[in-house]
Each structure stands twice: as structure tokens, then as C-alpha cells.
């Protein structure tokens, strides 16, 4: 009985993380989109939730390290009205994200998830090394980066591609939990490094290195989750206004 329970647990984990080419499909359950429509993929292994969680963890771990340096940079860049100006910057970033997310999502449906995942992580994290040179330029870059700050949207689409409907909600929960976990220790770690190295440069360099590793991971390790034939069917199709309109409910 114990062996049977372990076998079922292992099978479920393999289904969730793409460790097996089988989908663990029972009677009446739909086949996984990846297994039924895409047999050969780029990257390492088959598209899985693990790939998505690693990308999310690394991106927000890098940003978490910058918690203390960002506060110091705010005081340097904006000696007066510090938190008001920070609110304006974050508001601009959020507004740009809101306006661009539907369009980028529609384009990822046509061209694939991987390229837009790479673009989103690169553009969202591009301001990090700028903090070494100019706090003002850093905050301007943070605000502008909102155009591409839609990693979560692409990641959720990626997860939807490589999971069956019954496993999707738990997979989304895992991605959200990974995001939270990335911010548990990174702010404290960044502060500790800053205190023991007597400077912010090491923290910023570490965050930059983690970002570079994340980009390399996406390029060489993350497989495309959207099947080739699905992309070919969409390449010639125009993007409609409804798809790009952030105020459209459909």
C-alpha cells in the first residue's frame, strides 16, 4: 500500500514538472497541450512548471537584493519629496505595464513564449546595473521598463501551455509562491552584503550577475512551450485592437 502511494505521488510530480513524456492522463482527462501538439522542443527537457519557477525566482531575487541600495538611491536622487517621487515612478511603471501587457500577450501567442520571456526579463532587469552610475537614470529606466514588465503574464501563459487543466491552478499557485519565496531572504541578504563589504557596488554587481545567469538560463535551458504548428497558424494573422486593448474584458 505504501509503495502504491509513493508511486502515485511520484507520477503526479512528474506530470506537474514535465519529468516524463507521459501526461498521467486518466479516462476523460484531456491530453497535455505539450504532449499532444509538440514532440520536439528547444532547450533542456520538456516545457515544465520548473522552468517557469526558476525564471521568476531569479528575476525577483535579483530585485530583492536591491531593496537597501534602492532606498539609498532614492534619498540621493530625490532629497525632497522622496517617497512621492518614488510613487510617481512606480505608478508610471505600472501604467505602462497595464497598457502593454495585452499586446505582448497577443504577440507571444503568435511568436512563442520564450522570446518574450527573454525580452521581458532583460528589459525589466536592465535598470539594475545603471544604479552603479546614476541614481536618477536608474529611476528613469525603472519607469520606462514598465513597457516590458510583464514577466508574470508570459510565465502564466507558459504554465498554461505545459499543464493540463486539472493541474493548472496548483501550478499557478506554485509560481506565485516562488515569487514570494524569492523575496523572503533577498532583502536581508542584500543588506548583510552591503554591511559587510561597506558598499552597495557588490550588491548591485551580484544582482546583475544573477540577471545575466537568468538570461542565459532562458536562452539555453528553457524550451519553447508554444507548439510550432500553433505559432505557424498565427504568424500571418494580424493583431486586432481587441487583443491589444487593456480595457477590453474579453
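A Cβ is built for glycine as well, from the same backbone N, Cα and C atoms used for every other residue.
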Segment assigned the feature transmembrane segment in TrEMBL (from 49-68, 229-248): 49-68
Distant-in-sequence neighbours of the transmembrane segment (138-159), which means Cβ under 8 A and at least six residues beyond its ends: 47, 49, 51-52, 55-56, 59, 73-74, 77, 85-86, 89-90, 92-97, 100-101, 104-105, 108-109, 113, 116-117, 119-124, 126-127, 130-131, 168, 171-172, 175, 179, 225
Stretch among 49-68, 88-108, 171-193 sharing the most Cβ pairs under 8 Å with the transmembrane segment (199-222): 49-68
